[in-house]
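Participant: Quick one: the structure is below, and I'll ask about it shortly.
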Amino acid sequence: MSKKLNFLESSFCKAFRPPQLNLRIIKPSSMAVFAFVLFALFIVFAGVIYDLIVEPPSIGVEYGFGNERPVTILKGRLNSQYIFEGIDGALFYLLGSIGLILIDQALTKERREKYGKIMFYTGVGLFACSFIIIIFFIKLKVPGYLKR
Amino acid sequence: MSWYPLGRVVGGTVFPGIMLTAGSLYFFLKKIVRITVNIKHVCVFMGPFFASNASLITYLFTKEVSKDYGAGLISAVMIAIVPGYISRSVAGSFDNECIAIFALILTYYLWLKAVNTGSMFYAASCALAYLYMVSSWGGYVFIMNLIPLHAFVLILVGRYSRRLYVSYTTLYILGTLLSMQVPFVGFQAVQSSEHLAGMGIFGLIQLVAAVKYVKSILGEKYFKLFLKILGFIAVSILVLFVAVGLATGYIAPWTGRFLSLLDPTYAKKYIPIIASVSEHQPTAWSSYFFDLQSLVFLYPVGLYYCFKNPSDSKIFLILYAVTSTYFTGVMVRLMLVLAPICVILGSMALSNMFKLFAYKIREFDEEDKKKKKAQSKKPTNQKKKKKTEQNKIFNLGYIAATLMIALLTALFISYIFHSIWVTSEAYSSPSIVLAAKGYDGNRIIFDDFREAYYWLRQNTAPDAKIMSWWDYGYQITAMANRTVLVDNNTWNNTHIGTVGKAMVKTENISAQVMEQHDVDYVLVLFGGLIGYSSDDINKYLWLVRIGGTVDPSIKEEDYLNSRKEFRVDSQGAPSFLNSMMYKLCFYRFWEVKTEGNKPSGYDRVRNTVMGNQNYELEAVEEAFTSEHWIVRIYKVLKKENRK
């Protein structure tokens, strides 16, 4: 039986010889994959697909008193944006989430006390400021936000 | 009747789920519980009823994934009011998505239960839930690609187990057989490219199971030989199968609607009718916050928790989240599919953060009790100040922890206020009766649509055929009870293209097309008198693009002026100013003074005076104009018998 299998093996190996590949299986750590996923979320939240299809200008222009002033946020309409405005919004979304992640990291991992304090207060500040700034942006875009 | 003169096979082109559900609810209430209800009330309230069922299922789902009752409760509250889902499940919105999201979450819950327990019972129930989903919505393709992707990723990451094998095999076989029972799907379940992923992963999982079984029998040396031969045979069979299938055309390529999700610019170039629907527009950044508020911040935190302690179900959540975020970026309508996963991940994050601070407070209470006990027993002071910096977890103060819990509660409350405001302002207005605020603050009601449809119902012959743009087809069929040429179900693009061609060409060519299709009345929408901006002139370029798919001589640049602008005044393109739609919309508008300081014929939507004035209509005559000139109906004049 083993003679037949040896014969089969040798004939197979002679007929089909795969090349010598020195492949290593790459296993990224879960936090590295999470960082990549966050980056992909940033791209989508910034409305990059909207920019590709609708091709809005990168910054709006406001005319007044004989000169032009740049305007970042497209006022009045909800589902339209300038390119920079999209990136701004996605940045603040991500900063708010990173603030909350910092809070969690500060309270669950053992590290020196100074760093724990800095991480916690930075996280709280980041999240609070991002939330307030996003609400401010939305009030520019949707007139009458949270008013009857 | 609709789609005159072609008609349509309703049984084979419609998803029957929602009709069957409404019918069975009505039957149950009337015959078994013996409460007299009108079928109309059952249909109107199906949206909220199934949304509350979805809330219950989300509680079970979150509890299953995170093993945390608190997260489940928060997710049930959040999905009950998340604006992204409420927008499609308000009372009165009788569309496929009402029951589809409930069926989606139910299917995923049963799938995760099956993977976690390895029981064939849950896998078979998942197949039944999948049948319900297939019969309700075209988005079932999402399930049939996400579950195989999940199985594939579990194999890749090294989490293959007997439970996965049992659940996936049972689900795939039973699910495919059951989905083929729905007439609309039929043999597409094994032929079309959208379902190939499921079949491929099914083959792969059989292979993996077989290899593991053989490995347990053979020795090491013979197993390597076996692997080489098997791998070679498997790859060659797969390549042969796919090549023959694609070459003979048995395997159909991806259809337009789903291909436009993978390649977002595809629809804009080749299928303008899909690109024209406003729900199919890509999403801008502000729509995310508007539809999800705090969840948009909590969602990456939930992903972080999933990555921190991975398990089979959490890997599924990650895959669901990433794929649905991408699809939501392509079409704003799919925010509906993102809302449940955002709620689940967000509630897991919120619950974990609440727990962090609550434990800190509890620790303080216990430490306080310990200190009091120690002080009462031993009055000696033995304080040793350790100045060495040890690594320890940051010790949050009692007051700070309480403040953080208060802040998180405030965040949750702001979510509730936001959702209620958004629902009341943006997602609750009926679109058939318009309202606006007058100069002195009182409300003016524009009831023109119903006025025009009832005029049609009462003043035209019962077999009259109406030509309008496809947005109004369902309303005309239901309220005016007349036959239409095209309606909202967009499956015959050439027929819609012919109607578009009839609207954008000159009056003579339009009259020929209308005579070919036996049209009696034409209905157009015009918002220039009151400033209603969703009228047919604002949709004009879409008519041009869609008409251009049928007649290559219709090109978009012909209807723009020399500066590439779409203008309605005298600087507009001549082919636009002489087209049928322009003449129908603006007929006799030059006699009307809309604003005090502007000349007559001032269009309040485009903010210019109309260009082509004082013309006569030859092929049609005006039959009806509603009170605020929103709906205008024209009767097609029959040609004389002899010249």
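Cβ atoms here come from the backbone N, Cα and C positions, even for glycine.
Straight from TrEMBL, here's the annotation block:
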- B:2-344: domain 'Oligosaccharyl transferase STT3 N-terminal' (DOMAIN)
- B:6-29: transmembrane segment (TRANSMEM)
- B:41-62: transmembrane segment (TRANSMEM)
- B:68-86: transmembrane segment (TRANSMEM)
- B:98-131: transmembrane segment (TRANSMEM)
- B:137-157: transmembrane segment (TRANSMEM)
- B:169-190: transmembrane segment (TRANSMEM)
- B:196-214: transmembrane segment (TRANSMEM)
- B:226-252: transmembrane segment (TRANSMEM)
- B:288-307: transmembrane segment (TRANSMEM)
- B:314-332: transmembrane segment (TRANSMEM)
- B:338-359: transmembrane segment (TRANSMEM)
- B:393-417: transmembrane segment (TRANSMEM)
- B:466-522: domain 'STT3/PglB/AglB core' (DOMAIN)
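Structural setting of the listed features?
Facilitator: Over the domain 'Oligosaccharyl transferase STT3 N-terminal' (B:2-344) the predicted model carries a mean pLDDT of 87.
Listed as Cβ neighbours of the transmembrane segment (B:6-29) (distance under 8 Å, sequence separation of 6 or more from its ends, same chain) are residues 35, 37, 39, 42-43, 46, 49, 94-96, 98-100, 103, 132-138, 182-184, 489, 491-492, 495.
For the transmembrane segment (B:41-62), the list of distant contacts is 18, 21-22, 25-26, 29, 68, 71-73, 75-77, 79-80, 85-86, 88-94, 98-99, 101-102, 105-106, 108-109, 112, 340, 343-344, 347-348: same-chain residues at least six beyond its ends, Cβ to Cβ under 8 Å.
Beyond the transmembrane segment (B:68-86), the same-chain residues lying 6 or more positions past its ends with a Cβ under 8 Å from any Cβ of the stretch are 51-52, 54-56, 58-62, 101, 290-293, 295, 335-336, 338-340, 342-344, 346-348, 350-352, 354-355, 412, 415-416, 418-420, 422-423, 426-427.
Below 8 angstroms of C-beta separation, residues 17-18, 21, 46-47, 50-51, 53-54, 57-58, 60-61, 64-65, 85, 88-89, 137, 139-140, 142-144, 147, 161-164, 166-168, 170-171, 174-175, 178-179, 181-182, 312-313, 316, 320, 336-337, 339-340 of the same chain, each at least six residues beyond the ends of the transmembrane segment (B:98-131), sit close to that stretch.
Proximity of distant same-chain residues to the transmembrane segment (B:137-157), defined by a Cβ-Cβ separation under 8 Å and at least 6 residues beyond the stretch ends, is recorded for 15, 17, 96-97, 99-100, 103-104, 107-108, 111, 130, 164, 168, 171-172, 175, 179, 194-195, 197-198, 200-202, 204-205, 208, 257-258, 312, 315-316, 319-320, 323-324, 327, 337.
Within its own chain, the transmembrane segment (B:169-190) is flanked in space by residues 11-16, 111, 114, 120, 123-124, 126-128, 130-131, 134-135, 140, 144, 147-148, 198-199, 201-202, 205-206, 252, which lie at least six positions past its ends and keep a Cβ under 8 Å from the stretch.
Beyond its flanks by at least six residues, the transmembrane segment (B:226-252) meets 188, 191-193, 196, 203, 207, 211, 214, 218 of its own chain at Cβ-Cβ distances under 8 Å.
Taking Cβ pairs closer than 8 Å, the transmembrane segment (B:288-307) reaches residues 78, 82-84, 87, 314-315, 317-318, 321, 335, 338-339, 342-350, 352-353, 411-412, 414-415, 418-419, 422, 426 in its own chain, all 6 or more past its ends.
Residue counts for the domain 'STT3/PglB/AglB core' (B:466-522) under DSSP, split into helix (H, G, I), strand (E, B) and coil, are 33 helix, 6 strand, 18 coil.
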Participant: Mind checking which residues reach the transmembrane segment (B:393-417)? Cβ under 8 Å, same chain, six or more beyond either end.
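Facilitator: Same-chain contacts beyond the flanks: 74, 78, 81, 293-295, 350, 353-354, 357-358, 360-361, 364.
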Participant: By a Cβ-Cβ criterion of under 8 Å, what residues six or more beyond either terminus of the transmembrane segment (B:338-359) are in contact with it?
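Facilitator: Distant contacts of the transmembrane segment (B:338-359): 54, 58, 61-62, 65-66, 68, 70-72, 74-75, 78-79, 82, 84-85, 101, 104-105, 291-292, 294-296, 298-299, 301-306, 317, 320-321, 324-325, 327-328, 396, 401-402, 404-405, 408, 412.
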